[in-house]
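Trainee: Pasting the relevant annotations from Swiss-Prot:
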ACT_SITE  ASP311  active site, proton acceptor
COMPBIAS  561-590  compositional bias 'Low complexity'
DOMAIN    53-171  domain 'RGS'
DOMAIN    186-448  domain 'Protein kinase'
MOD_RES   SER136  phosphoserine
MOD_RES   SER484  phosphoserine
MOD_RES   THR485  phosphothreonine
MOD_RES   SER579  phosphoserine
REGION    557-590  region 'Disordered'
MOTIF     388-395  motif 'Nuclear localization signal'
Amino acid sequence: MELENIVANTVLLKAREGGGGKRKGKSKKWKEILKFPHISQCEDLRRTIDRDYYSLCDKQPIGRLLFRQFCETRPGLECYIQFLDLVAEYEITPDENLGAKGKEIMTKYLTPKSPVFIAQVGQDLVSQTEKKLLQSPCKELFSACAQSVHDYLKGDPFHEYLDSMYFDRFLQWKWLERQPVTKNTFRQYRVLGKGGFGEVCACQVRATGKMYACKRLEKKRIKKRKGESMALNEKQILEKVNSQFVVNLAYAYETKDALCLVLTIMNGGDLKFHIYNMGNPGFEEERALFYAAEILCGLEDLHRENTVYRDLKPENILLDDYGHIRISDLGLAVKIPEGDLIRGRVGTVGYMAPEVLNNQRYGLSPDYWGLGCLIYEMIEGQSPFRGRKEKVKREEVDRRVLETEEVYSSKFSEEAKSICNMLLTKDSKQRLGCQEEGAAEVKRHPFFRNMNFKRLEAGMLDPPFVPDPRAVYCKDVLDIEQFSTVKGVNLDHTDDDFYSKFSTGSVPIPWQNEMIETECFKELNVFGPNGTLSPDLNRSQPPEPPKKGLFHRLFRRQHQSNSKSSPTPKTSCNHRINSNHINSNSTGSS
């Protein structure tokens, strides 16, 4: 039994390390899998793609890189890209250096005498920006200037880009992105845990070598529990939220027996494990603060989509290889209709907000209560309304949430005590974060006084703890309880509409990020010499014929050999014998 677990872990660790070869986990045929189509095959895509500047040139990672390459080949446009880069750099500059960095931008790009002066930013706006820089520089100082540059770029430069070989190449990448996804797209590894409808296992994309977690939802189990809307809801929310602090959905596909969500893999274990199984319960405040800041950023990204998470607890916060966290398991998350409130008594005992327990209507407020519970538990080493391993009825825990105040030990600084107290306010209208400003109000609390959120969001701050890369932070394979067989449920054609809505293939932004991170983009995104067209982009050059299979090559070679033979009856007989022999062998090996 122990041997089986060791083997499963060893295979997984080798895959995580890239297999130990030069291809870093990529298939031998990865270039064939990601071979660009001839541009003539992309005409339908060209006609139907949404020609929105922000979508094509800013939001989509490969689109952004290709538009950048286009601008760098136009001397008059290169300075605009450099300006936007410097503004992005300014926004993550430490506060004490903002003044100097701001002056650098003003001098280089917003001074008329400069050789790279950007005239598209109006003089009135330049004057206002300069005045603010002298008074009190802030992170958003150049936002309006950057918007002016985007307003210019989305005009003539964008339309020129749409007629360039760089946009043609983008269409080729989109064609690859939209290819069917099946179980053969991946290699499967050990089971990592269980979800509500099936197992979660590690997997690896054959073409790129990138590791993911595959959440299998068994079709019969979904149907038996009438979980179709819940499963589709989670998939659609994951698809829309693009956040480095929430697990990303990269692929959604189906097999004969299951629906599969391919998600960011988090190899560092969950917060519950780290709070209770790594020395004394709880964290030092500095570590708790870092995780709280990243959780807050994840909530902010969800709330931006008007989505309330409703299940904040340590088990649902996962660590990656580097020690950064992501919110996982969006099964209870729900999108709130614009201008409306919802009702629903869902969540985990001890973490549900008073308004949820009382079945009142609510918006985003339960998530700020959940954040308060998490900060408290990370510092204290137990949840605010239930002792560690305390045996107590659900009704008693609910009563404590509604009627009692949490107790603070000497582990809490004044700032930590204050933020927990304000987040755990029982009246949601008075709770921190539940006013118009939302997460921005929480970020301004003194607890986060020394946290640079711009640098955090840019991934520039080092986590306080890095997981051991040689460890597998999950239960032994045989300790993960297996699901029983679902009986008495039959799948039929009436389920197909649901499956088609679920199985939509690759998700654009995560897929494009995968191509960039695994260096597939760098290696494949090659044009002709001196900025000329590559053969696959040349409309006057016909596409290469598809490669013939082994059987075709063998048969053709035999046919050519026989054509050279003398047409005597004896040779003709030998021809028939040889031809049959070749066919027999070919069929046997196919």
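Cβ coordinates come from backbone N, Cα and C, glycine included.
Could you place these features in context, so I can see how deep they sit and what lies close by?
Mentor: Around the Cβ of ASP311 (active site, proton acceptor), 22 further Cβ atoms fall within 10 Å across all displayed protein chains.
According to DSSP, the secondary structure content of the domain 'RGS' (53-171) in residues is 89 helix, 0 strand, 30 coil.
The predicted model assigns the domain 'Protein kinase' (186-448) a mean pLDDT of 93.
In the shown protein chains, 9 other C-beta atoms lie within 10 A of the C-beta of SER136 (phosphoserine).
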Trainee: For ASP311 (active site, proton acceptor), what is the secondary structure by DSSP, using just helix, strand and coil?
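Mentor: SS state of ASP311 (active site, proton acceptor) = coil.
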